[in-house]
Amino acid sequence: MEHVTASEEPSATLMYQVERPVFNEGYIDSKLLHRKKRTPKSIQLRIAEHLRCSSKKARSVVFGFLPILTWLPSYPLKQYLFGDIVSGISTGVMQLPQGLAYAMLAAIPPVFGLYSSFYPVLLYTFFGTSKHISIGTFAVISLMIGGVAVREAPDSMFAVHGTNASQVVDFEARDARRVEVVVALTTLVGIIQFVLGLLRFGFLAIYLTEPLVRGFTTAAAVHVSVSQIKYLLGVHTARFNGPLSVVHSLDAVFRNIASTNVVTLIIGLVCIVFLYFIKDLNERFKKKLPIPIPGEIIVVIVSTGISYGMVMSENYGVEVVGKIPTGLLPPKIPDFSVFPNLFPDAFAIAVVGFSIAISLAKIFAFKHGYSVDGNQELIALGLCNFLSSFFHTFVVTASMSRSLVQESTGGHTEIAGLLASLLVLLVVVAIGFVFQPLPTTVLAAIIFVNLLGMFRQIKDIPALWRTSKIELAIWLVSFFASVFLGLDYGLVVAMGFAILTVIYRTQCPKNALLGQIPGTGLYFDVNEYEEAEECSGIKIFQSNASIYFANSDLYVSALKAKTGIDPAQLLAARKSQLKYAKKDNGKRKTENHCSPVKKNAVVLLDVELGVTREVVAGAEKQMDHVYTNGQMTENHAESESEDDLFLQRLTPVHTIVLDFTPVNFIDSVGAKTIKSVIKEFATVDVKVVLAGCSRTLLSDLRTLKFFCEPVTPDLIFPTIHDAVLHCRHSKDVQ
């Protein structure tokens, strides 16, 4: 019978009182619980139900595939439209220079960054579930794409003989080939993301834990920064890819630093200072400013005007963006022949791009009280990349900086992203040629300033040091592996290390002996809490890990170490004890006939410290007691028989309770191990019972044929307290 009582006074303690019999799983299964009767469906029926179409199911599929249909018909114009317009313009203004800049990271002409800022953003409006993320170009993804483009189409492939037997690079042919590679890569990424979405692999992002992603993106920021130094200085160096590419790039820059273009450097530094100042103002006064100051577009317009007026490209040797064709290019089928070489890179880019997008989407969804569908986000990104690739775009994902602008300027729905894409379209169709005199050092400055947020992630190190050393190790491995091995290999190493940490945690769980808090049914670690008292003759063992093939032996070792009971050692000690007892009895008989002097055998057996033996002879050292397990018993040598000695307990512990509350699963190896433990401890008269098994775990144990002699459901108890009360009662009855 259960009673819950409380006084009417607010300060009174709520009392919890339960009075019931001690339960075990045998009683629970046979008397207390009755399973619901269910008729299993045949495979044919399941397939028929799955394929059966109804208006409700069709509506659900269509609305799930096109989320825009769920919110657009009820779009509140008066409430949302103005905020979406302001947000769309602000985001679009920011998207223009970033599109140009990140195309340089992708190792293709800047205009393709504008294409990538239009088509995918337009498509995401129809297929996406997040109302606030800004889809488009992103530094990390662009750099990974650029690495693939340079590897597949290096400068050496397009070297031609110039004057004086010197070699020059056919930049036009090289760029055309790199565009083909990038477009094919984007198509493959889109296919991978779309297929993963259809297969419901939206959970894939959980394997990219937050410390891993943050360490990876910080390393990517290092790669991006190093790759832009040459544009900031105006020096010409080769682009490196693969392991130690950062080191090689820095070495190449320093070797050519004497050829720095001073005008280019001054323009870049001035732009960095101005952009940093504007970003700081926007951050400080974000609550007072109706919209953020568009520092990037200001810098682009002003620097383009100055460059055009002073003819910097010809007079000062400043490198500029160059030709930007007006209008959109006709669609073109990607080059499928390069797919085999690109698949590993495409898979890595697909997973990283989705991870970044879904992380941002969940942050904004939690903040504004709506939900996002991970599987639909995979489908949306896949369609954005796949369909857009036919129009000469490269891989896109969500941008952190633009998403913050889109949300902070009043964006409510995907309409803001739609308007931003239309602004980009206007520039591409009408005024793209205006940006031809734009110095590339300005784009490098924009990239540098936008990376500040990623570099601030270094502050994670002291925070993780205080909270979780394992997560700190994941962050550091992800960072250093990605910096020195490259982003592709670095990601693989980081994910492998993250998986190893999971294995490490199961291999090194926290083990404890539990004791009861007097007057309660609560049990806690006796080494942690003063109030916890061990139950006499009972050891309660807890290990906070599941039991399976990788850690089953460690579980048994920890059990024996914590309880201080090793059945094999105790049995060996018993044999030794019997051996000495036989010798002692023989000596006594001889001495009784020959001499009145008695000799006594003293056997010291301590479970905790091991077994020691000492034989004391002589009348002056007679001892009339034997220590067994650290307890003193009277020694009546004359009447003690060998059988009486054998019946003495080897240990004062009569029961071990295994707390299975933290155990989530158990495999066949783990089940066999626990059965062997029960049998092994039974040989030294120690009973092993289980407590706290979940219904799922019990179902697994039945499936694994765990319950057969000598193990029965009567040895399983729903709580530790049930097990302790049962064991105490059984001992008292004996």
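Glycine is no exception: its Cβ is also placed from the backbone N, Cα and C atoms.
Annotated features, as they stand in TrEMBL:
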- 100-127: transmembrane segment (TRANSMEM)
- 133-150: transmembrane segment (TRANSMEM)
- 181-208: transmembrane segment (TRANSMEM)
- 257-277: transmembrane segment (TRANSMEM)
- 289-311: transmembrane segment (TRANSMEM)
- 346-366: transmembrane segment (TRANSMEM)
- 378-398: transmembrane segment (TRANSMEM)
- 418-451: transmembrane segment (TRANSMEM)
- 472-504: transmembrane segment (TRANSMEM)
- 528-727: domain 'STAS' (DOMAIN)
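Outside the transmembrane segment (346-366), and at least 6 residues removed from its termini, the chain residues within Cβ reach (under 8 Å) are 129-133, 135, 138, 140-141, 144-145, 185, 188-189, 192-193, 196, 202, 204-205, 208, 210, 213, 216-217, 372, 374, 377-378, 381, 395-398, 400, 403, 407, 487-488, 491-492. Most Cβ pairs under 8 Å to the transmembrane segment (418-451), among the stretches 100-127, 289-311, 472-504, belong to 100-127. Over the domain 'STAS' (528-727) the predicted model carries a mean pLDDT of 75. Between the transmembrane segment (133-150) and the listed ranges 100-127, 181-208, 472-504, the one holding the most Cβ pairs under 8 Å is 100-127.
Within the same chain, residues 140, 143-144, 147, 207-209, 211-216, 218-220, 222-223, 241-247, 344-345, 348, 352, 460-461, 464-465, 550 sit at least 6 positions outside the transmembrane segment (472-504) and bring their C-beta atoms closer than 8 Å to a C-beta of that stretch.
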